[in-house]
There are 2 protein chains.
Amino acid sequence: MARLVLKFGGTSVANLERIRNVARHVKREVDAGHQVAVVVSAMSGETNKLVGLCREASLLHDAREYDAVVSSGEQVTSGLLAIVLQDMGVEARSWQGWQIPLKTDAQHGAARITDIDGSKLIERLEKGQVAVVAGFQGVAPDNRIATLGRGGSDTSAVALAAAIRADRCDIYTDVDGVYTTDPRIVSKARRLERIAFEEMLEMASLGAKVLQVRSVEMAMVHGVRTFVRSSFDDPDAPQLGAGGLPPGTLICDEDEIVEQQVVTGIAFAKDEAQISIRNVADKPGVASAVFGSLADANINVDMIVQNISPDGRTTDITFTVPESDYDRAFAVLRDKKDLIGYQAIEGARDVVKVSVIGIGMRSHAGIAARCFQGLAEKGINIRAITTSEIKISVLIDSAYTELAVRTLHSLYDLDG
Amino acid sequence: MARLVLKFGGTSVANLERIRNVARHVKREVDAGHQVAVVVSAMSGETNKLVGLCREASLLHDAREYDAVVSSGEQVTSGLLAIVLQDMGVEARSWQGWQIPLKTDAQHGAARITDIDGSKLIERLEKGQVAVVAGFQGVAPDNRIATLGRGGSDTSAVALAAAIRADRCDIYTDVDGVYTTDPRIVSKARRLERIAFEEMLEMASLGAKVLQVRSVEMAMVHGVRTFVRSSFDDPDAPQLGAGGLPPGTLICDEDEIVEQQVVTGIAFAKDEAQISIRNVADKPGVASAVFGSLADANINVDMIVQNISPDGRTTDITFTVPESDYDRAFAVLRDKKDLIGYQAIEGARDVVKVSVIGIGMRSHAGIAARCFQGLAEKGINIRAITTSEIKISVLIDSAYTELAVRTLHSLYDLDG
């Protein structure tokens, strides 16, 4: 017997036929003797419709009212799934955020979860009742409904799993797991049986869009074993695959990964642009002047590279911004030329960041060197490099994206 | 300065254009210096859509889940109206039933209001903030959403007006008030400036469908002055008509009605059927056997007539039931023939109950006699008669409906 949280997104609950399919997944787990809480999104299209009504009402709408309107979508799905489950003979009830309560901060429209009281849910789960929880919503300190912002239902599910001390949080999605890289680019990409939280965090933030970064962060902080699987699976098919789990990817603590690979995956982020500032003074406060100015203009900076000054007086700073902010970033830097003090700024639009990710590289030497050598052999020029403990990122011309990803995928023995 | 509750139904908030029109009505009252709470229904069509989804999920759905699903319609409207009001520069916020809280009993799907804590609303109203309240919903003792059943939003509005001690509850509807009778039948029907609670209760329960019976009962019990007016009025037109009010009908205590008429209106109820039980024993327990059996079968009985027994041994009982229950009522009575003990049962389908209503008849003699005489002069046969302090009802063949109503309307000087 295990305690499970299952999360289903909008396309999985788009109509009553699909909601019945979701109910069959739930019933299978209940029949297997598990305690089950389900987190549901709004029926696909509903949230957009409700957001559209708010915009039509006023372009500058009160976020608290927006939350009251938009959260109704998940409220409807939670009630309908509870009805369908009961109809199948599964005891179930719906829970709105304020009923649990799932408490958030006051940032209506993009709230963060501050506290979940799991006691009432646990009491019901232990009696065999399925809890159907409206995702994406909680209650703010003003006792009003708050929505959680992008990826909110994933975050609801993981946070709920932590609060009720679930053994696993199953994220049902339209892909069947996390791959070593994008299968559309590398046909030999393999589904990972397991991936460590830290690795998934790098994969998620670099563009593998299976799970929102916030929900992975939360899973890591609370140690919630999170299992990504396909909602299109036949609910009645045999469940056990390798490792005692059906097809999918388990995101877990690295201790749970027995056969640790050195490199787990190759990620890449398109739509980046590079900016380099030449000959800035190598003294305290310069980096702050550059990135403070960009932050004030609400421009997100990703990769930052600054080398040791060769002469001790001036240096170059290179960084990337979203391609859509490139012109604006240039304008900000020109404005602040006197404050920052530099000789020239230059940049490039068509760049891509390719990253090699793996917890194993902490204990293996030479991983970075192989990356640089492999790219050099294919004649791919590296514009900039940054590394962390478990990641090597290189900035290259975007024309070489596929070649670089395929080369690195083979190089680190990831091909299936 | 007055404290007002304004209630708008589904057609008044069917889309954002109409919601803006509602907001102009609200703004007009705010600009006049009034404190305003608004009660809104779901956008027309939404409730039916949500009810349809519940039925599609299961024909035997849990009423608590039904309430979670269906109440979302009012939640959406309340948020949208608050946004539109803010956009017009009117300070406003939405309130869900559980936020007020508006407490109900445990009868999910058809709950009754048990208590409304008006203190938080009053505090905001006194600061000049408009309260936009989701109608038709409250929170049950299990801390789950409960809907109020038919006419729920009217009842919400009147109950709320009582709780916040409002000076008046304005019901905006698709008619401009309460008429002396149905204008589709009597072209000379007049709009009443005022009508007493008791009279309105009789009018409402007899088929004048302006306000649901429950909301009128509640208005009477709590002394809530309730004003029926048209939502199609130009919100920017001058407001004051006769009696200091715009066109409409004020439902109020009889003391407020200066020029009391003897008869206020003529109501009629179609779709009734008559059943007579011949020669039942005139002894205790017989009426109970008849009406207990019908109640057990969930058949609503309306008019009941039993005369003094001529011989002290047997008597006849006549009553009406909804036409749709006629066959079932007959079957029940045949089943219970031994229990009840009667010689024969007979009945008629095509009957109508016509009622003359007026508080003034309490202090005027001869009102009933004029009614019977007037109908006799037109050759209309009276099948049965019942009277109360403020009402005379006659059962006649339905073919004479229009003739009877027009005759009585003229007879009591109601023609405009």
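Glycine is no exception: its Cβ is also placed from the backbone N, Cα and C atoms.
Listed features, source TrEMBL:
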type	residues	note
BINDING	A:LYS7, A:PHE8, A:GLY9, A:GLY10, A:THR173, A:ASP174, A:TYR179, A:ARG184, A:LYS209, A:VAL210	ATP binding site
BINDING	A:THR47, A:GLU74	substrate binding site
DOMAIN	A:275-359	domain 'ACT'
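In the three-state DSSP scheme, A:LYS209 (ATP binding site) is classed as coil. Counted over every protein chain shown, other Cβ atoms within 10 Å are most numerous around A:LYS7 among the binding-site residues A:LYS7, A:LYS209. Distance from the CA of A:GLU74 (substrate binding site) to the CA of A:GLY9 (ATP binding site) is 10 Å. Cβ neighbour counts within 10 Å, taken over all protein chains shown, single out A:GLU74 as the most crowded of the binding-site residues A:THR47, A:GLU74, A:TYR179.
Geometry remark: A:THR173 (ATP binding site) versus A:GLU74 (substrate binding site), CA distance 17 Å. DSSP assigns A:THR173 (ATP binding site) to a strand in the three-state reduction. Taken residue by residue with DSSP, A:LYS7 (ATP binding site) is part of a strand. Spanning the residues A:LYS7, A:PHE8, A:GLY9, A:GLY10, A:THR173, A:ASP174, A:TYR179, A:ARG184, A:LYS209, A:VAL210 that the record associates with binding ATP, the maximal Cα-Cα distance equals 26 Å. Among the binding-site residues A:LYS7, A:TYR179, A:LYS209, the residue whose Cα lies closest in space to that of A:GLU74 (substrate binding site) is A:LYS7. Around the Cβ of A:GLY9 (ATP binding site), 21 further Cβ atoms fall within 10 Å across all displayed protein chains. Annotated pair A:LYS209 (ATP binding site) and A:THR47 (substrate binding site), C-alpha to C-alpha distance, rounded: 20 Å. Across the structure, A:THR47 (substrate binding site) and A:LYS7 (ATP binding site) place their CA atoms 17 angstrom apart. Neighbour density for A:THR173 (ATP binding site): within 10 A of its CB lie 22 other CB atoms from the protein chains shown.
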